[in-house]
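*Asks:* Let me begin by handing over the structure; questions about it come next.
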Amino acid sequence: GTPQKYDPTFKGPIYDRGCTDIICCVLLVVAIVGYVVVGVVAWTHGDPRKVIHPTDSRGQFCGQQGTPNDPLVLLEFQCPTTQVRPGPLWTVAFPKFPTESGPPPEPPPCPPLIQICVSKCPDRYMTYLNAYRNAASLEYYRNFCTPEFKSSRKAPIEVLKDKECPAMLIPSTPLARRCFPAIEAKKGVIMVGNETTYDDGRGQRRNVTELLEGAKKANVVLETRQLAMKIFEDYTVSWYWIIIGLVIAMVASLIFIVLLRFLAGIMVWVMIVMVILVLGYGIFHCYMEYANLKGEAGSDVSLTDLGFQTDLRVYLHLRQTWLAFLIILCVLEVVIILLLIFLRKRILIAIALIKEASRAIGHVMSSLLFPLCTFFLLCLCIAYWASTAVFLSTSNEAVYKVFNESACTFSGDTCNPETFNTSNVTKTCPDAQCLFAFYGGETAYHKYLIVLQFFNVFMFFWLANFIIALGQVTLAGAFASYYWAFKKPDDMPAFPLFSAFGRALRYHTGSLAFGSLVLAIVQVIRVTLEYLDHRLKAAENKFAKFLLSCLKCCFWCLEKFIKFLNRNAYIMIAIYGTNFCTSARNAFFLLMRNIIRVAVLDKVTDFLLFLGKLLIVGSVGILAFFFFTQRIKLVEDTAPPLNYYWVPILTVIIGSYLIAHGFFSVYGMCVDTLFLCFLEDLERNDGSAEKPYFMSQNLRKLLKKTNKGQPDA
């Protein structure tokens with residue numbers, strides 16, 4: 001590319017600018033209008049209750065006002081087969097009954113589980129054949145029969161054949177509004193209701209282990225629920241301490257940024273030493289834990305043999321865990337030390353850039369609060385996407401199918417339960433039933449639901465990237481106003497941040513839409529590749545897996561490159577007001593003409609800012625670790641009792657990182673903007689009286705540059 005030439009009229013971000021990339025702006029507005037229409041249509045047809053509440057065989061919700069189903073819990077029993085079919089919910093088998101002509105014929109493919117709404121789950125073993133002979137038992141059994149079961153005078157065989165009642169009841173427990181077998185282990189023996197066998201309703205005894213396979217998923221859900229409840233309990237007793245930890249992280253980040261303005265050089269070196277010391281202590285602590293576990297029973301079990309455990313404290317009793325932590329921290333320590341040794345000279349220039357960024361942020365203090373605006377807009381975007389996705393996924397209609405035991409030409413056809421009893425199906429196939437099969441639909445809207453879901457995902461990425469781009473170009477415009485002010489801060493506008501925000505929305509919405517659109521397309525392709533990879537995990541085609549891995553790697557690299565290019569293009573847009581393609585080209589060529597400075601100076605600065613985040617997160621994390629594990633004697637009795645002390649510790653660490661990242665992202669954008677302005681300054685000016693440098697005096701000294709004929713600013 002051609003270096004920028006001196007322009008005597010250039011005094012920083014251009015105010016006399018025009019609209020750029022208007023077509024993309026119009027396209028974004030049209031897409032947003034379409035997105036709103038999709039949301040309205042989804043909210044009109046969708047019903048999130050389908051995700052939360054169970055339904056009976058008629059597709060009606062259990063326990064909902066305005067429906068005949070007042071009970072709250074769902075009981076399911078199975079189609080007439082001789083075996084209990086495993087499933088995510090409790091299933092009970094119906095017996096086969098002989099006919100006059102001999103053994104019953106093989107039934108067609110098994111219909112979906114017949115399900116009814118009940119007020120509570122059964123708490124005892126019972127079969128219908130036994131309950132039929134006892135009035136009190138039959139009265140109890142009525143609670144688990146369909147609404148059609150009215151008369152006890154009906155023969156038991158007819159009741160079971162018409163599927164009005166289950167053949168047997170099993171002691172169950174409610175979970176997620178569904179009844180699951182009350183499986184428990186006592187001294188290594190699997191039991192249900194203190195019994196190891198049960199009557200299957202046909203006079204045969206079965207082992208309760210046959211129910212275990214069908215309830216495996218239920219047990220996983222139950223364990224997950226118990227884990228979630230314990231985590232929730234930990235949050236209820238430690239939430240105020242977590243907030244205190246996050247406040248400490250915020251105060252530490254603010255103090256760190258304020259100190260950087262006045263003591264940037266000292267703070268950077270202190271930060272480097274502190275990071276090395278923190279990692280060194282981590283190495284020492286891991287080694288001591290590793291050494292102390294030597295000889296203890298069970299400490300030599302490998303992580304692969306142990307497998308996944310919901311109680312993460314189990315892993316801390318293994319030597320292999322602390323050895324892995326030790327190796328990771330050692331590698332990280334060595335890498336940091338080697339980088340500091342080889343880049344020690346460039347660190348001085350990076351410190352000068354950080355000092356300049358501190359001054360710029362000091363003159364634009366409102367920039368520290370601007371990430372809150374970006375965060376709020378992103379939360380709105382995420383909430384709209386998530387709610388639209390839920391409503392779209394629940395906008396299917398209840399589909400009913402014809403199910404029967406004997407051969408029938410109408411088997412599997414769609415039916416209407418309201419008119420089914422008067423239709424020709426019941427005359428041709430007396431044993432046929434119209435049962436709820438699944439949620440679906442055959443209208444044009446239902447056929448294109450997958451397209452609407454894809455559009456929802458695409459618009460989420462586009463709008464999220466647009467919001468991030470808006471934040472970046474706003475900060476870049478504010479900090480560029482500082483750099484190109486020859487007399488700082490006298491030549492700066494009164495409200496640089498608001499001025500930059502107004503220019504971005506008024507003139508460059510199209511350019512921001514263009515850049516975010518390109519990035520969104522790449523991200524959607526990456527999501528599609530991840531989906532394909534998930535679907536092809538069980539495939540044995542090694543070439544397809546290899547090709548998919550290559551594509552995932554290539555698009556990951558492409559996404560990183562586009563993010564880097566977009567970030568610098570937005571800086572050029574904020575300064576010169578050019579369209580996206582021109583800004584991206586100029587930024588790319590400017591960086592390529594200074595590739596050594598980009599590869600070393602800019603990345604060293606990013607590395608130093610990363611160390612700052614690491615120091616804050618590490619310090620707050622260590623403090624939280626010692627507090628919640630009650631290792632600080634002064635406040636030992638203050639720490640709350642916890643089921644898992646890692647819950648508040650991880651929450652504090654993640655929250656501290658997000659807080660530190662929010663503050664340092666402003667710093668990073670400031671450094672990148674000043675760096676590009678610095679490169680432009682070197683190309684435009686030569687330090688003469690006609691073309692003086694705009695960089696600070698410290699930068700001029702480090703680069704051995706001077707402004708001739710004018711005093712240093």
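Numbering starts at 1 and runs along the chain as displayed.
Including glycine, each Cβ sits where the backbone N, Cα and C put it.
Okay, so TrEMBL annotates it like this:
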- 21-43: transmembrane segment (TRANSMEM)
- 239-259: transmembrane segment (TRANSMEM)
- 266-284: transmembrane segment (TRANSMEM)
- 322-343: transmembrane segment (TRANSMEM)
- 364-386: transmembrane segment (TRANSMEM)
- 459-484: transmembrane segment (TRANSMEM)
- 505-525: transmembrane segment (TRANSMEM)
- 569-592: transmembrane segment (TRANSMEM)
- 604-628: transmembrane segment (TRANSMEM)
- 644-664: transmembrane segment (TRANSMEM)
*Asks:* When only pairs 6 or more apart in sequence are counted, do the transmembrane segment (266-284) and the transmembrane segment (604-628) reach 3 or more Cβ pairs under 8 Å?
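*Replies:* Between the transmembrane segment (266-284) and the transmembrane segment (604-628), contact is present.
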*Asks:* Residues of the same chain, at least six outside the transmembrane segment (322-343), with any C-beta under 8 angstroms of its C-beta?
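*Replies:* Distant Cβ neighbours of the transmembrane segment (322-343) are 272, 275-276, 279-280, 282-283, 286-287, 289-290, 293, 303, 316, 600, 604, 607, 611.
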*Asks:* In the same chain, which residue numbers or ranges, 6 or more beyond the ends of the transmembrane segment (239-259), come under 8 angstroms Cβ to Cβ?
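*Replies:* Sequence-remote neighbours of the transmembrane segment (239-259) are 267, 358, 361, 368, 612, 616-617, 619-620, 623-624, 627-628, 639-640, 648, 651-652, 655-656, 659-660, 663-664, 667.
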*Asks:* Is the number of Cβ-Cβ pairs under 8 Å between the transmembrane segment (644-664) and the transmembrane segment (21-43) three or more, considering only pairs separated by 6 or more positions?
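*Replies:* No, the transmembrane segment (644-664) and the transmembrane segment (21-43) are not in contact.
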*Asks:* Using a Cβ-Cβ cut-off of under 8 Å, list the residues of the same chain that are 6+ residues beyond the ends of the transmembrane segment (569-592) and lie near it.
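*Replies:* For the transmembrane segment (569-592), the far contacts come to 1-2, 4, 12-14, 17-18, 20-21, 24, 469, 472-474, 476-477, 480, 484, 500, 503-504, 507-508, 510-512, 514-515, 598, 672-673, 676-677, 679-680, 683.
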*Asks:* Of the stretches 21-43, 459-484, 505-525, which racks up the most C-beta pairs under 8 Å with the transmembrane segment (364-386)?
*Replies:* 459-484
